[in-house]
Amino acid sequence: MAATLTPEQITEYKGIFEMFDEEGNGLVKTDDLESLMSLIGINPTKRDLANMAKDVDKDKKGTFNCEGFLVLMGIYHEKSKNQDEELRAAFKVFDKEHKGYIEWDTLKYVLMNAGEPLNEHEAELMMKEADKDGDGTIDYEEFVAMMTGESFKLTQ
């Protein structure tokens, strides 16, 4: 799966891995995985982090090697690519006229009627949080941040 990484990514990830290889034995402590991922700019949830730790430390020794880390990063990038494709497809569903943004009324209707419906107050809070530039529409970047939870914490 590391084959999905570019040579530049492999070099970068190996360098970061080596920074955490304190003993120079080709191993990093599983407990350091969160810090390592954070340095790369990836901030997984606790559940995702636990799953990643299981993936790289299959024998439960408390450490993982660089190859396992590169495989993990390949999987992460593949999932990210797939997620991006899904988000683009979802955005296009709402942006039927290809304006590059979603009208508030359209998004509000969907949030209140599809999937796990929100009430009107929750939908408005979510849209206000997502509309970072305050223009009354949700562009693709705002949509991605909203859908991935990067910009939104539902508070009541």
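Glycine residues also receive a Cβ, built from the backbone N, Cα and C atoms like all the rest.
Now, the feature entries from Swiss-Prot:
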type	residues	note
DOMAIN	8-43	domain 'EF-hand 1'
DOMAIN	44-79	domain 'EF-hand 2'
DOMAIN	82-117	domain 'EF-hand 3'
DOMAIN	118-153	domain 'EF-hand 4'
BINDING	D131, D133, D135, T137, E142	Ca(2+) binding site
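Annotated features, which come from Swiss-Prot, shown on the structure.
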residue : record              : contacts (Cβ under 8 Å, 6+ apart)
D131    : Ca(2+) binding site : W104, T137, I138, E142
D133    : Ca(2+) binding site : D139, E142
D135    : Ca(2+) binding site : none
Overall pLDDT of the domain 'EF-hand 2' (44-79), taken as the mean: 90
Beyond the site residues D131, D133, D135, T137, E142: chain residues whose C-beta lies within 8 Å of the centroid, for Ca(2+): Y101, A130, K132, G134, G136, I138, D139
Other C-beta atoms that fall within 10 angstroms of the C-beta of E142 (Ca(2+) binding site): 20
DSSP-derived helix, strand and coil totals, residue by residue, for the domain 'EF-hand 2' (44-79): 25 helix, 3 strand, 8 coil
E142 (Ca(2+) binding site) - helix vs strand vs coil (DSSP): helix
In three-state DSSP terms, the structure that T137 (Ca(2+) binding site) belongs to: strand
Helix, strand and coil residues within the domain 'EF-hand 3' (82-117) as assigned by DSSP: 23 helix, 3 strand, 10 coil
Tally of residues which DSSP labels helix, strand or coil - the domain 'EF-hand 1' (8-43): 24 helix, 3 strand, 9 coil
